[in-house]
Amino acid sequence: MCTGGCAKCLGGTLIPLALFGFLANILLFFPGGKVIDNNDHLSDEVWFFGGILGSGVLMIFPALVFLGLKNNDCCGCCGNESCGKRFAMFTSTIFAVIGFLGAGYSFVISAISINRGPKCLMDNSTWGYPFHEGDYLNDEGLWTKCQEPVDVVPWNLTLFSILLVVGGIQMLLCVIQVINGLLGTLCGDCQCCGCCGGDGPV
C-alpha cells in the first residue's frame with residue numbers, strides 16, 4: 001500500500017476512536033448514569049478531560065491531515081520534486097507526534113484513575129477515595145465501600161477502561177504513521193511516479 005493510502009486508512013480509523021473517547025469522557029460526568037448534585041463529588045481525573053482533549057480534539061486534527069494525504073498534489077510547489085508529496089508526508093509525522101502525545105495523555109490519566117478508583121460517598125458519610133492501589137479491581141466485595149452514586153465503581157471502571165484502550169490504539173496508529181510518514185518523506189509515494197514528467201517517485 002502506498003504511503004498516502006496507508007495514511008488515509010489510519011485517519012479513517014482514528015476518527016471513530018476519537019469520537020468514542022470524547023463520548024466516554026462526557027459520560028464520566030454522569031456517574032452511574034445520573035446527574036450529580038455537586039460537581040466536587042466527581043473524580044478529579046474526569047476534569048482532566050483525557051478523552052475530550054487527549055483522545056478527542058488533539059486526535060481529530062492529525063486524523064484529518066492523514067485523510068487528506070491520499071489526494072495531496074504529488075507535484076506541489078510548481079512541480080518542484082523537493083516538496084509536494086514528500087513535504088506533506090513529513091508534515092504528517094509532526095501531526096502524528098501531536099496525536100501520540102494527546103493519546104498518551106488520555107492513556108495515563110485513565111490508568112491513574114483506574115488504579116485510584118472513583119470518588120464516592122464512603123461509610124463515614126464523607127466523599128473521598130476509599131480504594132488503595134487498585135485493590136478493588138480484584139475484589140468486588142470492596143465496591144460496597146462506595147454508597148453513592150449508585151454503580152459508580154463499574155461505571156467509572158468501564159469508561160476509563162474504554163479510554164485506556166482507545167488511547168493505546170491511537171498511540172499505536174500514530175507510531176505507524178510516523179514510520180509511514182518518514183518512509184513517504186524519504187522514498188516518496190508510489191502514486192507519484194513520473195509526476196510532472198519526472199521519472200521516479202516524488
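For all residues, glycine too, the Cβ spot is worked out from N, Cα and C.
All annotation found in TrEMBL is predicted automatically rather than curated by experts.
As annotated by TrEMBL, transmembrane segment applies to 12-31 (among others).
Marked as transmembrane segment by TrEMBL: 46-67 (among others).
Listed as Cβ neighbours of the transmembrane segment (87-114) (distance under 8 Å, sequence separation of 6 or more from its ends, same chain) are residues 3-4, 7, 14, 21, 43, 45-46, 48, 50-51, 53-55, 57-59, 61-63, 65-66, 69, 72, 76-77, 134, 137, 156-157, 160-161, 163-164, 166-168, 170-171, 174-175, 177-178, 180-185, 189. If you look up TrEMBL, you'll see 87-114 (among others) marked as transmembrane segment.
Annotation comment: TrEMBL describes 157-176 (among others) as transmembrane segment. For the transmembrane segment (157-176), same-chain residues at least 6 beyond its ends with a Cβ under 8 Å from one of its own Cβ atoms are 6, 10, 13-14, 17-18, 20-21, 24-25, 27-28, 45, 50-51, 54-55, 59, 62, 96-97, 99-100, 102-107, 109-111, 113-114, 118, 137.
Sequence-distant neighbours of the transmembrane segment (12-31) (same chain, 6+ residues past either end, Cβ-Cβ under 8 Å): 41-43, 46, 49-52, 54-56, 59-60, 62-63, 66-67, 99, 106, 118, 149, 152, 155-156, 159-160, 162-163, 166-167, 169-170, 173.
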